[in-house]
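Inspection log for the structure reproduced underneath, given as structure tokens.
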Amino acid sequence: MSEESVLEKLRAGARKFQAEVYAKNAEHYQRAASTPQAPHTLIISCADSRVDVEAITSSGPGQVFVTRNVGNMAPPYSGTPGGVTAVIEYAVAALKVKHVVVCGHSDCGAMKALLHPPATDNLPTVRYWLHHGQAALMVAESMAHKDEPQIDKLKRLTEENVLMQLVHLKTHPSVAGAMARGELTMSGWVYDIGSGVVRIAEEGHRDFIPVTVGAGAKA
Ligand SMILES: [Zn+2]
């Protein structure tokens, strides 16, 4: 697809949005435009184009504050300003979200690259960024069974990486403070692209429990 035709495709998408989605919910969008945003949740997800966090949480405008990066990393607080750190601080200290989600997913290229470092030989920035998953890799490797299939290794690392990013999150002063005051909770998610199923590990738990349709609402 040529560059121009991609832009044309994007224009067509913007037209379709205006004509269909916006037109149907115009009042909602107009209200959102004149009301300060008050999202209830910060979601840190992978940048993977198949992970549509608004869709998988059935969220509309104003409900979730989202940051996406390669491998859904939440770097530990270091005092050095960074994009993800700024998002976390703004979401927690200014917007006062009530919950933080770290959302990993199946078939994650970042997790595969952690398991197979040569994949980032020509991607020095990606390789550097992935060091935020190094501790998770070490944990996952220490837990692996002998002759574990690659697919199981990938699943384990994906989960351990989500859990490790939750640990990192707690090093951020805004997060630590809000949690200590009982104003903030967090959970780790793994989204399965093929089945649409989200599995959630609640704060303090290591098991990822599938959210099943018809299982009833849990507040
Ligand atoms: Zn990914």
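Cβ atoms are placed via backbone N, Cα and C, with glycine included.
The Zn(2+) binding site annotation in TrEMBL covers Cys46, Asp48, His105, Cys108.
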Give the three-state DSSP assignment (helix, strand or coil) for Cys108 (Zn(2+) binding site). coil
If H, G and I count as helix, E and B as strand, and all else as coil, what does DSSP give for Asp48 (Zn(2+) binding site)? coil
Residues near the Zn(2+) site, Cys46, Asp48, His105, Cys108 excluded, by Cβ within 8 Å of the Cβ center? Ser45, Ala47, Arg50, Val51, Gly71, Asn72, Gly104, Ser106, Asp107, Gly109, Ala110, Met111, Tyr191
Other C-beta atoms within 10 angstroms of the C-beta of His105 (Zn(2+) binding site) total 23
Sequence gap of 6 or more, Cβ distance under 8 Å: name the residues on the same chain that satisfy this around Cys108 (Zn(2+) binding site), in order along the sequence. Cys46, Asp48, Gly71, Leu154, Thr158
Let me know how many other Cβ atoms fall within 10 Å of the Cβ of Asp48 (Zn(2+) binding site). 20
Let's check the environment of Cys46 (Zn(2+) binding site): how many other CB atoms sit within 10 Å of its CB? 25
